[in-house]
């Protein structure tokens with residue numbers, strides 16, 4: 001626990017010192033969402049139909065784009081090598097890193113999502129489900145995306161490749177995340193779908209860090 | 001034979017276009033993949049043979065210069 | 001006993017040189033067998049199987065569509081297995097296989113999509129519908145593209161193969177989840193999914209040509225994989241003596 005705590009503290013501190021990295025995904029999220037009423041139609045009844053998908057696609061892209069540089073700075077400064085050869089298993093610092101990243105980029109998205117959902121004309125009764133679905137979904141997105149980031153860390157044109165690798169893996173989370181909001185908006189039962197989202201999160205949180213550290217080892221060539 | 005004549009066979013009921021374009025595209029993709037696999041093999045062989053010849057020539061030149 | 005045999009095979013085929021000799025013996029037989037089987041199945045299906053009482057002759061696309069779909073799916077599963085072996089045990093031949101399996105699998109996924117669309121037009125009245133199977137196949141194609149793209153970008157072949165292997169392992173889990181989640185979307189949408197045919201109600205006169213062309217296409221896949229794997233083995237082992245010998249003096253029956 002102490003190794004984990006120390007790693008978490010370090011990661012949080014590093015991220016805290018470069019606030020642009022946590023604010024930019026948030027702005028991206030808000031901006032992308034505000035494009036849709038302008039591009040499709042500002043009519044409330046149209047917006048309410050597309051809102052779940054728009055919220056989720058925007059969140060997914062924001063998380064994915066924020067991950068591109070997740071391991072790059074560590075690799076450039078050589079910290080990554082140390083991390084992988086340290087006596088502690090690589091999974092521990094990797095998990096801390098993912099948690100820190102989610103706390104400072106994913107969680108803000110969750111917190112502003114009710115405002116955006118309201119702007120997209122979703123009924124107030126649904127706002128809780130919106131937050132809950134993003135709360136369960138965005139950590140899974142961070143972890144899955146980190147696998148792609150780990151595999152492309154040494155490549156200088158990682159951005160678009162990361163999208164090609166990661167977007168297909170995001171599809172189940174997207175389907176259930178947007179689906180639960182849609183079900184709630186139509187007045188259906190949501191608990192079962194939330195449970196599936198939770199199961200996806202449990203699966204990614206348990207196996208994901210292993211895959212991420214394996215990917216980092218492969219990318220650093222040992 | 002499920003068809004009366006060859007023209008019937010080509011017409012496939014009213015669905016000749018769908019059936020034959022499906023098979024045409026499939027054949028194209030399969031053959032293309034096989035040809036690419038074969039060509040890759042040939043290319044690697046050629047490259048290696050060329051490298052080997054060059055290495056042998058280099059060795060000969062070195063021998064001559066030594067004597 | 002069985003375990004011993006499997007282990008011996010694993011170690012023998014794990015040696016690139018042994019694999020090369022083995023595949024030179026197998027390919028001259030396997031290639032004609034695969035082609036004859038595939039053509040038999042297709043000719044039987046296209047010309048001799050009875051037409052469907054509902055769909056007429058458009059159903060004859062099934063004889064390439066189903067073999068291609070199953071081949072693409074199996075190919076990705078094989079990628080996952082090869083990925084596991086390459087990442088965990090670092091077996092060289094598994095790395096070679098990762099490179100050899102992907103291209104034909106991607107081609108099969110594309111064939112499955114195109115033939116499915118061409119079948120869909122006369123049956124559903126539209127080329128494309130977001131039904132569960134078509135959508136899953138589209139995502140499978142995306143994942144093939146990801147594996148191939150990753151391999152092309154990383155320079156070092158061993159590192160490229162292992163990175164692709166890890167991606168394929170994650171991808172296999174994803175394929176399974178995608179299948180269920182896409183089916184779930186259907187129930188939410190109440191889409192007009194016309195069942196092409198109920199399970200196991202297929203007429204035997206249609207079943208046999210289907211099974212034969214399926215077997216034929218799988219064998220052809222194996223031929224393609226062996227050919228690509230041989231190329232890759234040769235390139236990776238280019239500094240070894242046996243490859244040097246092979247290049248200067250091609251053995252009999254080999255080019």
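Glycine is treated like the rest: Cβ placed from N, Cα and C.
Panel annotation: around the transmembrane segment (A:21-40), residues 15, 46-47, 50, 54-55, 57-59, 61-63, 65-66, 69, 104-105, 108-109, 112, 116, 119-120 of the same chain, lying at least six beyond its termini, place a Cβ under 8 Å from a Cβ of the stretch. Residues or ranges marked as transmembrane segment by TrEMBL: A:21-40 (among others).
If you look up TrEMBL, you'll see A:46-67 (among others) marked as transmembrane segment.
Within the chain carrying the transmembrane segment (A:102-120), a Cβ under 8 angstroms from the stretch's Cβ atoms is held by residues 12, 15-16, 21-22, 25-26, 29-30, 33-34, 36-37, 47-48, 50-51, 54-55, 59, 62-63, 66, 126-127, 130-131, 134-135, 138-139, 141-142, 181, all 6 or more beyond its ends. The transmembrane segment annotation in TrEMBL covers A:102-120 (among others).
Annotation source TrEMBL lists transmembrane segment at A:132-154 (among others).
Look at TrEMBL and you will find A:160-181 (among others) tagged as transmembrane segment.
Within its own chain, the transmembrane segment (A:193-216) is flanked in space by residues 71, 80, 83-84, 89-91, 94-95, 98, 129, 132-133, 136-137, 139-140, 143-144, 146-147, 150-151, 153, 172-173, 176-177, 179-180, 183, which lie at least six positions past its ends and keep a Cβ under 8 Å from the stretch. The transmembrane segment annotation in TrEMBL covers A:193-216 (among others).
Beyond the ends of the transmembrane segment (A:132-154), by six or more residues, the same chain brings 55-56, 59-60, 63-64, 67-68, 70-72, 75, 80, 94, 98, 101-102, 105-107, 109-110, 113, 161-162, 165-166, 169-170, 173, 176-178, 180-181, 194, 197-198, 200-201, 204-205, 208-209, 211-213, 215-216, 218-220 to within a C-beta distance below 8 angstroms of the stretch.
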